[in-house]
Amino acid sequence: MTTQLEQAWELAKQRFAAVGIDVEEALRQLDRLPVSMHCWQGDDVSGFENPEGSLTGGIQATGNYPGKARNASELRADLEQAMRLIPGPKRLNLHAIYLESDTPVSRDQIKPEHFKNWVEWAKANQLGLDFNPSCFSHPLSADGFTLSHPDDSIRQFWIDHCKASRRVSAYFGEQLGTPSVMNIWIPDGMKDITVDRLAPRQRLLAALDEVISEKLNPAHHIDAVESKLFGIGAESYTVGSNEFYMGYATSRQTALCLDAGHFHPTEVISDKISAAMLYVPQLLLHVSRPVRWDSDHVVLLDDETQAIASEIVRHDLFDRVHIGLDFFDASINRIAAWVIGTRNMKKALLRALLEPTAELRKLEAAGDYTARLALLEEQKSLPRQAVWEMYCQHHDTPAGSEWLESVRAYEKAILSQRG
């Protein structure tokens, strides 16, 4: 530890102590909050089932920055490089299309054995794993419907895929000793005016009930469902709307996934957390950055990211909220994208932990909104960077932008060889 960092740390401890904050306790609490990194930033959601196929489902990864991962070994190596530059606990979020097999595997036939390499890798790197069925980029999703498909056989195919995915998820949790959160998102919807909005939702309701009918150990597996406002090619009607999934998660007591990009641009998920928590047992968050639509830009340390983190901390939702990231930018170095977005999420959580929330609550309860606003703004000037740098020091990761040097070196030595 440098003398300069020691001095800054001691000063920060004193400054925060003056407003009632124990910075060492804040760092301990931050280590209770793993962030689940999404594997698909590393290869633009290509997966290993059909890497040359088109990305469908109303989502897009734009850009052609060189060096994307082409196989599981490259993707795991890239993830390791990114994780070395991110302090604190992490998880990895996998999609079903990231299976490994020497022969083609139909999605309704995926098994734990197709993900055993991921589990062994997670054990070696002390990571938890989360999971997702992949209901897109497939011939049987080409017409825009999966779990709500009017064709019984196609709908059953996707039901069976989600059932198989739940067993993979439970395998993750059993092997790694931490529950896997499995999130169901489907692209189902219509491009133009829809006459019958009810029937697809009735089919989706019945399909989901069949999917979750097998009882799994909650210590190993957690079901989550995710809504969306619209997607490309599904601008007019989305079967799995917010109201549908809020009702489903409430009535079936599953987890509810809130994705920062899946609502109207004037809506924010930070305002939805406290409302949803009154009705559902757990939340899964997909922290993202929508620019005019669900563009999945890299997460910034912006007002909404901070507001999301503050909601988790202010309401002590550590054990009920699962923090995941969901962005994929192919226009910049993909490892840097992971590092920037994940570090920003962790910085936001730390800032929330350094807030004098108890004092702010007292002011709010007393109706002293002037002092509340004044204190909220003044605490932004406290030496939070020194605390972040000490946290990075504790976890042997770069504190400032020097992490970029490591990414550039890896790019030159490894990524540039991929073409």
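Heads up, the Cβ atoms here are built off N, Cα and C, so glycines get one too.
The following features are taken from Swiss-Prot:
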{"type": "BINDING", "residues": "H262, D294, D296", "note": "Mn(2+) binding site"}
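What Swiss-Prot annotates, mapped onto the structure for a quick look.
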residue : record              : Cβ neighbours (10 Å)
H262    : Mn(2+) binding site : 25
D294    : Mn(2+) binding site : 24
D296    : Mn(2+) binding site : 27
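Annotation note: D296 (Mn(2+) binding site) sits in a coil segment as assigned by DSSP.
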